[in-house]
Every structure is written in structure tokens, then in C-alpha cells.
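One structure is given below, encoded as C-alpha cells.
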Amino acid sequence: QIWIEGNIASGKTTCLEYFSKTSDIEVLTEPVSKWRNVQGCNPLGLMYQDPSRWGLTLQTYVQLTMLDRHVLPMSTPVRMMERSIYSAKYIFAENLYKSGKMPEVDFAVLSEWFEWIIKNIAIPVDLIVYLQTSPQTCYERLKQRCRDEEKVIPLEYLESIHNLYEDWLIHHKSFEVPAPVLVIPADHDLKKMLHQYEENREKILMAHC
Ligand SMILES: Nc1ncnc2c1ncn2[C@@H]1O[C@H](COP(=O)(O)OP(=O)(O)O)[C@@H](O)[C@H]1O
Ligand SMILES: Nc1ccn([C@H]2C[C@H](O)[C@@H](COP(=O)(O)O)O2)c(=O)n1
């Protein structure tokens, strides 16, 4: 199992789309559509409007929907999955808490849920592919993608997410990393990115062996 990790709009979905054309690979994208519509409500939009009030609501739902993805039985030898329950906690919940936008009690409850899950439920991973971008590149791609909820995201938000990813996956300064990390520089244009994916194809697809 391979997780594709990276900042918002770093190119994870585009990377997965590329590999989805390979036979014997199952690709699981993030369930963003669920985060934008759970029984007619939009926790992603609410979180960006008022993170202190809705951060826990979104992150609880992210935790549930990511766990649901992790425990799906595999239908092919290789599974590539966009992000993980780990980055939900170590990057996004952490960012809300550290920036003072998630109350301590909310973070404590979410943390206890997370700790219980990783202790009691097997979440296998063989390789983490980190698409390493500059926050500025993500900011430009984010504006180009133009998702309604994300129009309020400032560059500083992407910088915070970037720093948390770097501390976790590059500098090993924050949390345990559950698998080896393959870093792919991802500021390049699409043509160069596809070339890099080809160069790394073997390393990625043989990770489970
Ligand atoms: N290498 C690239 N160069 C330029 N634009 C890109 C590149 N990769 C992706 N994009 C565009 O940037 C936006 C975000 O990409 P996406 O794959 O959705 O990112 P993520 O899934 O990480 O949020 C999309 O509009 C996509 O078409
Ligand atoms: N735990 C998470 C995971 C994602 N988000 C947000 C960030 C983006 O606005 C959106 C989807 O991310 P993308 O795939 O485009 O990088 O969901 C979050 O707030 N918390």
C-alpha cells in the first residue's frame, strides 16, 4: 500500500490519475466530495468559514472516512491512496490546534480517537510518496483549481501545512513516520512530473515486495 502525501493542490490527484491507467493498481482518492456534502451539510466549507467552531466536526469526519478507505479489502496487488489518517492527524488537526483554531478539549478528544484507532486497527503502509512543492506553487494551483470552499485560503495557511509536512517526512522532527518516504520534487510542469513518475514507477510499484 502506497500513500501519496503532499500539500493542498500539490498534484496528488493528478499523480493518482496517471497511475490509475496502469493495470493491477487500485487508486483511492481522498473522499473530498463527502467532506463537502454529508447529508446536505458541508463541513469543509464550514471549517474554512469558522475553524474554531467546525474544525473538530470536519476532522472527525475526515478521520472516519479515511479509516473507511484504509480498511477496504484490496482488490489488486497494489493500492495507491491519497493521503492517510496519519496526515489528517499529524498535519491538519495539528495545524488547527497549533494555530489556536482548535480548542484544547477538541484536540484532546480527536487525539484519543486517533490513538485508539492506530492501536486497535491495522493500517498497513509500505511506502509514502511525498510530493514536495513550495507553498507558492500550491497557492497558484489552488487558485487555478478554484474550489469554492478554498477561496479563503491564504498563502500563510499553505506555508503552515508545508512546514508540518517537512517536519514530519523530511526532518523527522515531529511524529513517527510509519514507512519509508520517497520524495518527488513537484514544482515542475506536468510534462516533467509525468517523466518523474515514470522514472520512479518501479520503486513505487515494487514497494510492497
Ligand atoms: N505539474 C503541474 N503543473 C501545473 N498544474 C498542475 C500540475 N499538477 C496538477 N496541476 C493542477 O493543479 C491543480 C491541483 O492539482 P491536484 O492534482 O488536484 O492537487 P491535489 O490533489 O494535491 O490537491 C489542478 O487544477 C491540476 O490540474
Ligand atoms: N485532514 C484534512 C484533509 C484535507 N483537508 C482539506 C484541504 C483541502 O481544502 C481539501 C482537500 O485537500 P487536497 O486533496 O486538495 O489537498 O481538504 C482538511 O482540511 N483536513
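Positions of Cβ are set from backbone N, Cα and C atoms, glycine also.
Caution: TrEMBL annotation is automatic and unverified by curators.
Since the structure is predicted, the reported quantities are computational estimates derived from the model, not experimental observations.
As annotated by TrEMBL, domain 'Deoxynucleoside kinase' applies to 2-205. For G6, N7, I8, A9, S10, G11, K12, T13, T14, R141, L142, K143, Q144, R145, the entry in TrEMBL reads ATP binding site. Annotation source TrEMBL lists active site, proton acceptor at E82.
Fewest other C-beta atoms within 10 Å: among the binding-site residues S10, T14, Q144, that description fits Q144.
Each residue contributes its Cα atom, and for Q144 (ATP binding site) and the residue listed as 'active site, proton acceptor' these two points are 20 Å apart. Ligand 2 lies within reach of I8 from the binding-site residues G6, I8, T14, L142, Q144, judged by a C-beta closer than 6 angstroms to any of its atoms. If you take every residue in the domain 'Deoxynucleoside kinase' (2-205) and average the pLDDT, you get 97.
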